[in-house]
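Please read the structure below before turning to the comments.
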Amino acid sequence: MKIYLVGGAVRDQLLGLPVKDRDWIVVGADPATLLSLGYQQVGKDFPVFLNPKTKEEYALARTERKSSTGYTGFICDFSPTITLEQDLIRRDLTINAMAQSEDGEIIDPYGGKQDLENRILRHISPAFSEDPLRVLRVARFAARYHSLGFKIASETLALMAELAQSGELQHLTAERVWLETEKALNEKNPEIYFETLHKTGALSVLFSEIDALHGVPNPVKHHPEVDSFIHTMLVLKQAVNLTENNPILNKSAVRFAAICHDLGKALTPQNILPHHYGHEQAGIKPTRSLCKRLKVPSYFQELAELTCEFHTHIHKAFELRAETVITLFNRFDVWRKSQRFQEFLQVCLADTRGRTGFENKDYPQIDYINQLLHAANEVDVQQVIADGFEKQAIKNELTKRRILAVKQTKTNYPTN
């Protein structure tokens, strides 16, 4: 029996990156052997065992043979005769198909180390096409390692495009698509994930609402980048910058809202382009459709829909009447969900800066709207009750006093 460290741990170690998870492969053993050594079996589909001391995962070496459509349609062989090389070749990319022996030797039968040095994401064999999930995984790796200069090999991109056209992607479950997408949203360059999926044709299959933004123009005065998809990717990049070092915000939810904020522009009638009157309200339906299909968590969906509807309110914050401001606060339920409103404001800032040449633009609207929020929050509901108001009258009086507080703050707010 031999044990090897495999996959991401070896890859990241060679890249000089911190190793998060360590996966191990056991060659020349069967389940009974590991159980006798105190390992605990946790996998039903695949024999995976927890080390009794470290609790790290150890899997028996295996081969896979395609038996039906989708990413689950495989027949696996876990016999003790399976070699390390046979196990490694079933993996997706050469950089993920390296192993390290217990004495520290790197086993690299498929050129992963060379591809690491050359910053190439390359598939190992034509068997890559047997698992449609790999299209998303490779796009996610491209997002993760883009800042290190990694590119996808042209032949791998071609295979990904073939998979996108084959109909295999439709067999992926919503949960798997969302899991990969949420992971991608947390990478350093999530825009590369979506750009890669567009390049391969997978975006139109899995994220048609986002893909529909391609080629939709904006007024060049406000959007020098013109194209709505390009703008959305720039907004996503800005959202990454704004959330990267902010542990309070739900960064993947903010980034998802950034992607959805202008989905309504794809529905703008041709005769009024490049203007997009009413795109805010129009964006709710495609956002809801996307979220329902991919079973996106409700928190993400709520933030994305609210962002679609109200992002231009913040752009025009200085023009809003006090009554409109309180209506906005009520819609976001800022009284109980203050963090969600702050996440929304970050998307609005990302939207302003996600335009060519506007990357460092000041956005005083956030300070202004937060001052109005502070004023509204200072209104004491207990005082309203103490003043003798009851039932529905409490709510009406509370709203009235909040509007008055906002009006006073607006009057006193410095205009320059």
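Glycine is no exception: its Cβ is also placed from the backbone N, Cα and C atoms.
Record features (Swiss-Prot):
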| type | residues | note |
| --- | --- | --- |
| BINDING | Gly8, Arg11, Arg91, Arg137, Arg140 | ATP binding site |
| BINDING | Gly8, Arg11, Arg91, Arg137, Arg140 | CTP binding site |
| BINDING | Asp21, Asp23 | Mg(2+) binding site |
| DOMAIN | 228-335 | domain 'HD' |
Inset, instruction - Based on DSSP, name the secondary structure state of Asp23 (Mg(2+) binding site): helix, strand or coil. - result: strand
Legend entry - Cβ-based isolation winner (fewest other Cβ atoms within 10 Å) among the binding-site residues Asp21, Asp23: Asp21
Inset, instruction - Taking only the Cα atoms, work out how far Arg11 (ATP binding site) lies from Asp21 (Mg(2+) binding site), in Å, as a whole number. - result: 11
Legend entry - Most distant Cα pair in Å, residues Gly8, Arg11, Arg91, Arg137, Arg140 binding CTP: 15
Inset, instruction - Mind tallying the domain 'HD' (228-335) by DSSP state, helix then strand then coil? - result: 81 helix, 0 strand, 27 coil
Legend entry - Asp21 (Mg(2+) binding site) as reference: those binding-site residues from Gly8, Arg91, Arg137 with C-alpha within 10 Å of it: Gly8
Legend entry - Lowest local Cβ density among Arg11, Arg91, Arg137, Arg140, which the record lists as binding-site residues, within 10 Å: Arg137
Legend entry - Gly8, Arg11, Arg91, Arg137, Arg140 excluded, remaining Cβ within 8 Å of their centroid (CTP): Gly7, Asp92, Leu93, Ile95, Asn96, Phe141
Legend entry - Assigned element (helix, strand, coil) containing Arg11 (ATP binding site), judged by DSSP: helix
Inset, instruction - Tell me whether Arg137 (ATP binding site) sits in a helix, a strand or coil according to DSSP. - result: helix
Inset, instruction - Name the secondary structure element type, per DSSP in three states, that contains Arg91 (ATP binding site). - result: coil
Inset, instruction - State the Cα to Cα distance, in Å, between Arg140 (ATP binding site) and Asp23 (Mg(2+) binding site), rounded to an integer. - result: 19
Inset, instruction - Consider the binding-site residues Gly8, Arg91, Arg137 and say which one has the Cα lying nearest the Cα of Asp23 (Mg(2+) binding site). - result: Gly8
